[in-house]
Structure formats: C-alpha cells, structure tokens
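Features reported for this protein in TrEMBL:
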TRANSMEM  38-60  transmembrane segment
TRANSMEM  67-86  transmembrane segment
TRANSMEM  92-116  transmembrane segment
TRANSMEM  128-148  transmembrane segment
TRANSMEM  154-170  transmembrane segment
TRANSMEM  195-216  transmembrane segment
TRANSMEM  228-246  transmembrane segment
TRANSMEM  258-277  transmembrane segment
TRANSMEM  283-305  transmembrane segment
TRANSMEM  317-339  transmembrane segment
TRANSMEM  345-363  transmembrane segment
Amino acid sequence: MVVSGLLVIAVTYGLTRYGFGLYLPQFRADLGLTSGTAGGIAAGSYLAYCAAAVLGLYLVDGGRARLALWSAGVGAAVGALVVAAAHATPVLAIGALVAGSGAGAASPALVAAVARTVSPSAEPRSQTVVNSGTGAGVLAGGLVVLVWPAEWRWAWLGFAGGALLVTWWADRSACWCPPPADPDRPGSGLRPVRLVRPLTAGLLAGAGGAGVWTFGPDVTTRSGLSSQATGVLWCLLGAAALLGGLSGSAVRRAGLAAAWRISAALTAAGTVLLAWWPGSVVVAAGALALFGCGFVALSGVLIAWASRLAPEAPAQATALLFIALTTGQAAGAALLGALTDAAGAPVTFLAAAGTVSAAALVAPRGRRRTPPAGCSARRRRG
C-alpha cells in the first residue's frame, strides 16, 4: 500500500499537478503564454484542486474513500489527455485545471487508506513516506524533459496512462473495510476552529511555494540554461523532495514546531537563492534541492499537525489543511505571475520567500512532541 500510494501521489502531484510549471517553457514557446497568463492557469489549477479536495473530503467522511481515489486517478488522466491534445491556450487551461484537480481527492483518500491498511505502529511513518511521492513524480518528470525536451504531448499522454495504472494498483493494495465504530466518538468530531493556526500556516506556505513550483523552470530557462539543464535541476528537486519523507522522523525527534520552522526555512532559502542566481547551474541546483526538501517536508508536517489536533478524523483534517495550502498556491500563482510581468523574477521570488518566512512564524504552539506511533490510531479504532 505504501509503494502504490507513493506512486499515486507521484503522478497526481509531481506529474499532472506540478507538471504545468515544469513544461511552462515549452508551453510558452508553442502557445505564446505570458507569465501573467501562466500564473492565471496555475491559479485555476490550484482552485480546481481545492474543489476536488472538498469532494474527496465528503466522500471519505461518508465512507467512500475508494471512490475518492478513483476520482483522483481519472481526473488526473482526463486532464493530462486534454493537455496532450491542446493546440490553443484555452484548451491547455482546461486540461491543466482538470489534471491539477486529481491530487485534491488523492490526499484524503490515501490518508484514509493507509490508516486502514498498515499497522498502527507503522502509520505515522507510512503517511509521510506516501506524501513524499511528490518528489518521485517531480524526479520522473525531470527525467522525461531531460531525455525528450520537446515531446511534451507524448509526455502528458504517458502521464494519463500512468495515472490510471497506479490508481488501479493502489485500489488493489488497500484495505477498504470501514473502521470499527468508536462509541466515544461524537459524530465526525472534526471542528475546523481547532485548525485555524495550521490553516493560516498552510495558506502562507502555499502562497510562497507557488513561486518556484510555477515559475522555477521558466526562470532558469530564460536566464540562459538549456532545457536539458533545467531537466537535470528538476530531477534534483525531485530527489531532494524525497528526503521530505523524513519529516515524520523529524517531528518525533524535534517536535512539530521545530520541524515546521526548519522546513519553512529551507523552502525560503531555496527561493531566495533561485531569485538571484537562476543562471548558475551550481547555485540553482542547491536552491532547488533546498526548496524541494523543505516544501515536501512542510506538507508532511501538516499531516502530522492534522493528526495531533484531530486524531479522530485525520483524513478530513489533512484535506482541510491541504485545501488551505493549495488555496495559498492559487493566490500566489496569480499574484506572483502578475508581479513577474511588472517587476521581474528576482522581486517576485523575494516576495515568495518572505511569504514562506511568515508561515514559519505561525508554527505549532508548545514544545510537546507528537504522541508515540500508533496512539492516535488506537484512539480512532477504540
């Protein structure tokens, strides 16, 4: 389940969601996109993610996590097919919106599937490992660009097939039996008011992270690096993002607050470095490695944060926090795209780094570490 779940995240996040930013130089060359238009499309894709996450949250809360999983896989596949067939900006926009929506339903579905499939002691680490699939997808996407830099249509066609394949595997690997009823659990038990602090933190982190995710490859290419070099850099980002899967261990050892601040600092540092030296392969490599590791770790910490504040409904709480993260990305993509057209990439990326730094200030309260592995799961199972 962990491997198949990781691959679902790899395709729905790393390829069909963040693939728009990876292929932005090719879209710009073939379809004449401006930074403002690209930012608007990316923002729309993120909003589509939020709508799908709400749907996924509804399905999981109603005991239909399996349907949420297939909604994610089919949405990613259909959107990727539309992107592959796009010959005009409006069609590309529709495809990007649908493709980006798949990830929204994937997260709550997989959080629920992992909780029901793996042992309670293995659940916390399994959740963060599955979440690190974003890095695997980004790495795979970078390799495709490196080998076939101009064949973006064939690449997106492959993304569509991959989405259906890994969704089928995850479906076969997961246990979809409903969890045992908990007599002490009053209804869903999830009160969003408890999540105000992490919702704010996720919103800010998403807005700042949108800079590199949406415009990173375009900035390096326009600074003189070749498509092949950009592909290598994106592979490095993906490989470093896999290290974000260690955020579960970091939370257990250092606590939620420290893990959140460290992850935000890495993300902001990578963004600043890319702002000033995007044309240097060495500096850009270090910048994207810091960003990839930091941002994926941030999302992993959000999962742990959700489990701490809502142990009776971790999938639902995670979905809400990821909606906040993506709402921030939507707003960030649109605003940063307009700022890039008006003031240039360095100013834009500094603004993005500042926003991520602000997210670091909204860290979890207290120094209490997360409960031992499996405690929250045992509470859920009664």
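Residue numbers in this text run from 1 along the chain shown.
Every residue gets a Cβ built from N, Cα and C, even glycine.
Those TrEMBL annotations? Automatic predictions, nothing curated.
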Go through the chain and flag residues at least 6 beyond the ends of the transmembrane segment (345-363) whose CB is under 8 A from any CB in it; none is fine as an answer.
197, 200-202, 204-205, 207-212, 215, 219, 222, 256-257, 260-261, 264-265, 267-269, 271-272, 274-276, 278, 298, 332, 336, 339
Can at least 3 Cβ pairs under 8 A be found between the transmembrane segment (283-305) and the transmembrane segment (195-216), with each pair 6 or more apart in sequence?
yes
Going along the chain, which residues at least six beyond the ends of the transmembrane segment (38-60) come within the CB cut-off of under 8 Å?
17, 20-21, 24, 27-28, 67-68, 71-72, 75, 89, 92-93, 96-109, 111-112, 206, 210, 213-215, 218, 315-316, 319-320, 322-323, 326-327, 329-331, 333-338, 340
Please work out which recorded stretch in 92-116, 128-148, 154-170, 195-216, 317-339 has the most C-beta pairs separated by under 8 angstroms from the transmembrane segment (228-246)?
128-148
The transmembrane segment (317-339) versus listed stretches 92-116, 128-148, 154-170: most Cβ pairs under 8 Å:
92-116
What parts of the chain pack near the transmembrane segment (128-148), using Cβ distances under 8 Å and only residues at least 6 beyond its ends?
2, 5-15, 18-19, 22-23, 110, 114, 154-155, 158, 227-228, 230-248, 292, 296, 299-300, 303-304
